[in-house]
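Participant: For K6, K11, K27, K29, K33, K48, K63, the entry in Swiss-Prot reads ubiquitin cross-link. Swiss-Prot lists R54, R72 with the feature site 'Interacts with activating enzyme'. According to Swiss-Prot, the site 'Essential for function' annotation covers H68. Taken from Swiss-Prot, the feature zinc finger covers 121-144.
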Amino acid sequence: MQIFVKTLTGKTITLEVEPSDTIENVKAKIQDKEGIPPDQQRLIFAGKQLEDGRTLSDYNIQKESTLHLVLRLRGGAKKRKKKSYTTPKKNKHKRKKVKLAVLKYYKVDENGKISRLRRECPSEECGAGVFMASHFDRHYCGKCCLTYCFNKPEDK
C-alpha cells in the first residue's frame with residue numbers, strides 16, 4: 001500500500017509499505033529517501049507520536065494515509081545557576097507580644113478610680129482607643145501624626 005509522509009519543509013514523499021511493517025522500517029525508508037537518521041525522526045499520525053516497536057496496523061494506518069515527520073529536539077532548557085548573595089538577608093521586624101498590654105494605658109488607685117496614663121488622640125480620623133505616645137518633650141499620635149509639644153519639661 002502507499003502512504004504519504006509530509007516533512008517540516010512542506011514536501012510530501014510517498015512510501016510503499018505493508019500494514020505489517022514496523023515504524024522502524026518506515027523510518028529506515030524515510031532515511032533512504034531524505035537522508036534523515038531514524039533516531040532524529042518523529043512520526044505523528046492523528047495527533048499521536050508513533051512508537052518504533054509497533055506496526056502500521058496497530059495505529060490503524062491505511063492506504064493513502066498521511067504521516068507528519070518532525071525532527072527530535074536536542075536537549076532541554078539551560079540549567080540555571082543558583083544565586084548566592086554576599087550579604088545576609090535582613091530579618092523583618094517582629095512585633096513584641098505583650099500580655100495584657102491595656103494595663104499600660106490605665107491605672108486603678110486604691111479607691112477603685114480609673115485614670116488614664118496616656119493621652120487619647122482627639123483627632124476624628126483616629127477615633128476612640130488610639131493613644132498618643134509620650135516622649136520627653138511631646139505627645140505624638142502614630143496614626144494621624146498629630147503632635148503636642150511641651151513648653152517646659154516639667155509641664156507633663
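Glycine too: its Cβ is placed from the backbone N, Cα and C atoms.
Computed from a predicted structure; not experimentally measured.
Describe the structural context of these features.
Facilitator: Under the three-state DSSP scheme, K6 (ubiquitin cross-link) falls in the strand class. The Cβ of K6 (ubiquitin cross-link) lies under 8 Å from the Cβ of T12, T66, L67, H68, L69, each on the same chain and at least six residues away in sequence.
K11 (ubiquitin cross-link) carries neither a helix nor a strand DSSP state and counts as coil.
According to its DSSP assignment, K27 (ubiquitin cross-link) is helical.
If you draw a 10 Å sphere around the CB of K29 (ubiquitin cross-link), it holds 18 other CB atoms from the protein chains shown.
All protein chains shown were included, and the count of other CB atoms within 10 Å of the CB of K33 (ubiquitin cross-link) stands at 12. Taken residue by residue with DSSP, K33 (ubiquitin cross-link) is part of a helix.
In the three-state DSSP scheme, K48 (ubiquitin cross-link) is classed as strand. Counting only same-chain residues six or more apart in sequence, the Cβ atoms lying under 8 angstroms from the Cβ of K48 (ubiquitin cross-link) belong to Y59.
When secondary structure is read from DSSP and collapsed to three states, R54 (site 'Interacts with activating enzyme') falls in the coil class. Other Cβ atoms within 10 Å of the Cβ of R54 (site 'Interacts with activating enzyme') number 12 in total over all chains.
Counting Cβ atoms from all protein chains shown, K63 (ubiquitin cross-link) has 9 others lying within 10 Å of its own Cβ.
Mapped onto three states, the DSSP output places H68 (site 'Essential for function') in strand.
The Cβ neighbour count for R72 (site 'Interacts with activating enzyme'), using a 10 Å radius over every protein chain in view, is 10.
The average per-residue pLDDT of the prediction over the zinc finger (121-144) is 87, rounded to a whole number.
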Participant: Could you check which of the recorded positions (K11, K27, K63, R72) sits closest to K33 (ubiquitin cross-link), going Cα to Cα?
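Facilitator: Among K11, K27, K63, R72, K27.
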Participant: By Cβ count within 10 Å, point out the most packed of the recorded positions listed: K11, K27, H68.
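Facilitator: Of K11, K27, H68, the one with the most crowded Cβ is K27.
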Participant: Summarise the zinc finger (121-144) as counts of helix, strand and coil residues per DSSP.
Facilitator: 0 helix, 6 strand, 18 coil
